[in-house]
């Protein structure tokens, strides 16, 4: 804290030296655009501003496109909490973000999360971004329907098929599919199926190493490594509601809330939507078993929010002071508790919501993976491709197309 | 009949007469001043960004940070990219079919709405309504109809073909897009046809009737030739619009199922969202050249027919 405080006094002194000389607080522009959490973050900012008078934080809720444009114009925000994806990773890759490795916040982050951050992009020698909120996603299941048919949470692929068969024979719909929205196929069906048995970290590393050579003769390819899991995914897609092809995300939440199916391949963000219709529905979560070994079970995670401080900011120390405030245990844990996220600091308790309990052990043991669909560069239309598979396109054909797209992109970049 | 055809381009004739004495007088400089604001705005909003975009199509820029010139690499790759080929194939096929559907439907409606029927004015207003609704809203409403109402109706009536959504069928989703696009595009086309039909002098029809022409003959021998110029206008404007297809597809299928209905414009947009800026700029440049070629083709085909 002394370091931060010293920084503040120094910058404040500089401001007095060259500014108009009113000695007022230093303004920090903080961008945050996760809609559901804006009320919480507004409160955090107000509390911080009231707690001291050296720095005044201004909350900017304009979305990521505006932020990208501000980087191009050389006028980026001073501090960002942003969804960590390929878009933000572009700033990391091009080393336009400052090193946060020396902050107290950085020292408290769980080290096993670093590979997940590096997977998107890296600037050698720098900790360009710090995770703030990690979302874990897996199969959501209706506990009431499971109890009614005396079903246990499946731990292996054959148990899963057994559960699905039992449900189907009992006249229940095992899975609710919302294939009309391609992203639901990609983040649920595709990612869970692949992540349940392929090590996505290793797979994409080897894929990147092959680069333009990815194809029928390369050692690693989408066709070779993913076709198997996706055949299993197609098998599971046979257990969905008849009208899955014309149902979207909103339809799915409604139907699932009304007991329209026993299992739903969605993330925790769907809970609040389901609760709008059925606030008391008992729901649970479990990782999709894809193999016969319960030790292979893993949950899909994504770094829902990461903190970054752009090099272009003129308020480095003030931004870092607020950053440390954001990582205070009561602030960061309070945030994640309210948003059903996992706090990435080493000592933090898991969110207490019982609906997430089925994933907590896996998260604590580091049995996590990032979704394959978000690790493919966005310029390759992987979401429509996975939707094509759900609609019955040949898995091998689609995987070959992915291989070709990957190689073509590598050749060009 | 022959005297008629020479006299008919009634629109063009007075125009030519007005043009004649213009060269004799010196143009008032004030007219150039009138042109200036729109010229400046146009230049800033269209040619300048377009040139910047063409410039970047020869680089490997992702939109931010450093970039290098990579010559024609983007173009070379784009020409071998099946995703781009597919989007061109889809978009041109879609535009051709839609132009046909829209013009046939609008022409028949226009004939109906200019004949002696009841409620003519009210009906005209009704048919023009789709024109004032934004494309994305139309698309969402129709998306609901295709995904929910039609299947429900199909189930109730026992028609299995209808009970699955048209939008979920990779081979037929384009039909839904054509229908919805046509539903929105017919009014504009219809208005132009109505104007064209009303410009045909009534005595021509009277003469034809006296000569014993049947209604069918009047339609094919008089109406059609006399609105030929309007057909050309509608086809050119329509084709140009349909090549830019975007909002209705986004609302209906978002390019799906799979990538079956991705238009050229949608492919280009992915370059901005996906960090593939320079590459899709090359695609946009190719698209620009293609449309310019089409424009020249259309002009050369229609030139000299008093059509435009």
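Glycine is no exception: its Cβ is also placed from the backbone N, Cα and C atoms.
Range with TrEMBL annotation transmembrane segment, chosen from B:30-58, B:59-87, is B:30-58. Within the listed segments B:9-29, B:219-239, TrEMBL records transmembrane segment for the stretch B:219-239. The transmembrane segment (B:30-58) and the transmembrane segment (B:277-299) are in contact, since at least 3 Cβ pairs between them lie under 8 Å (pairs 6 or more apart in sequence). Within the chain, the transmembrane segment (B:277-299) has long-range Cβ neighbours (under 8 A, six or more residues past its boundaries) at 50, 53-54, 56-63, 67, 70, 74-75, 77-78, 84, 88, 236, 239-240, 243, 264, 267-271, 308. Nonlocal intrachain contacts for the transmembrane segment (B:125-146), taken as residues 6+ away from its ends with a CB within less than 8 angstroms of a stretch CB, comprise 109, 113, 165-167, 176, 179-180, 183-184, 186-188, 190-191, 247-252.
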